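Here's what Swiss-Prot has on this protein:
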- Cys145-Cys177: disulfide bond (DISULFID)
- 88-233: domain 'THD' (DOMAIN)
- Ser80: O-linked glycosylation site (CARBOHYD)
- Lys19: N6-myristoyl lysine (LIPID)
- Lys20: N6-myristoyl lysine (LIPID)
- Ser2: phosphoserine (MOD_RES)
- 1-35: topological domain 'Cytoplasmic' (TOPO_DOM)
- 57-233: topological domain 'Extracellular' (TOPO_DOM)
- 36-56: transmembrane segment (TRANSMEM)
Amino acid sequence: MSTESMIRDVELAEEALPKKAGGPQGSGRCLCLSLFSFLLVAGATTLFCLLHFGVIGPQREELPHGLQLINPLPQTLRSSSRTPSDKPVAHVVANPEAEGQLQWLSRRANALLANGVELTDNQLKVPSDGLYLIYSQVLFTGQGCPSTHVLLTHTISRFAVSYQTKVNLLSAIKSPCQRETPEGAEAKPWYEPIYLGGVFQLEKGDRLSTEINLPAYLDFAESGQVYFGIIAL
């Protein structure tokens with residue numbers, strides 16, 4: 001009901017009353033009716049103003065300009081599923097049966113070669129120019145420490161087609177033994193992982209390889225401990 005309709009109803013009600021109410025009792029009724037009419041009109045007017053200017057009503061959370069309240073994760077997943085990646089990628093794992101050497105395999109669980117990357121002569125061949133993330137991890141293990149320090153090295157090298165030479169991209173060296181095991185003491189096992197990773201500009205036809213100095217210490221007890229891979233960025 002609008003404010004104008006409520007005011008009109010009150011005025012019609014007042015006109016319907018006798019113009020003159022006899023005695024004090026009639027005057028009291030007129031006074032009460034006038035007061036009630038005033039309060040009714042004032043309340044209706046106040047309610048109309050509050051609704052009109054939005055002081056009361058459904059609450060809305062105000063967000064910064066241009067920001068939509070959405071969950072971006074489902075949209076991102078849908079977009080990625082509609083647009084399969086065509087970037088070169090490779091992840092190869094060590095052959096646990098190749099004793100005394102680090103041999104990479106691509107036909108194993110959790111291993112892959114995709115979008116042009118090849119595994120040839122134990123090397124990853126780059127299919128196109130671009131930035132690549134190159135990474136590799138090896139895990140060494142041994143029993144006790146000899147009198148001479150054990151130095152473990154792990155290196156990733158690149159044979160570039162542009163200048164036909166081999167250069168080291170990443171390299172690390174570690175020593176798991178700080179002191180030799182005393183004679184007669186229990187020879188405790190030790191484990192030493194070496195991880196290498198970095199981003200490099202590569203050319204089509206480049207070949208990437210890994211090298212270690214002491215393959216006899218490689219630990220193949222668990223899958224996923226020794227691996228090598230590249231990802232085009």
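Cβ coordinates are placed from backbone N, Cα and C, and glycine is handled just like the others.
Helix first, then strand, then coil: DSSP counts for the domain 'THD' (88-233) stand at 3 helix, 77 strand, 66 coil. Within 10 Å of the C-beta of Cys145 (disulfide bond) we count 19 further C-beta atoms, all protein chains included.
For Cys177 (disulfide bond), the count of additional Cβ atoms within 10 Å of its Cβ stands at 17 [all protein chains shown]. Mean predicted confidence for the topological domain 'Extracellular' (57-233): the pLDDT average there is 85.
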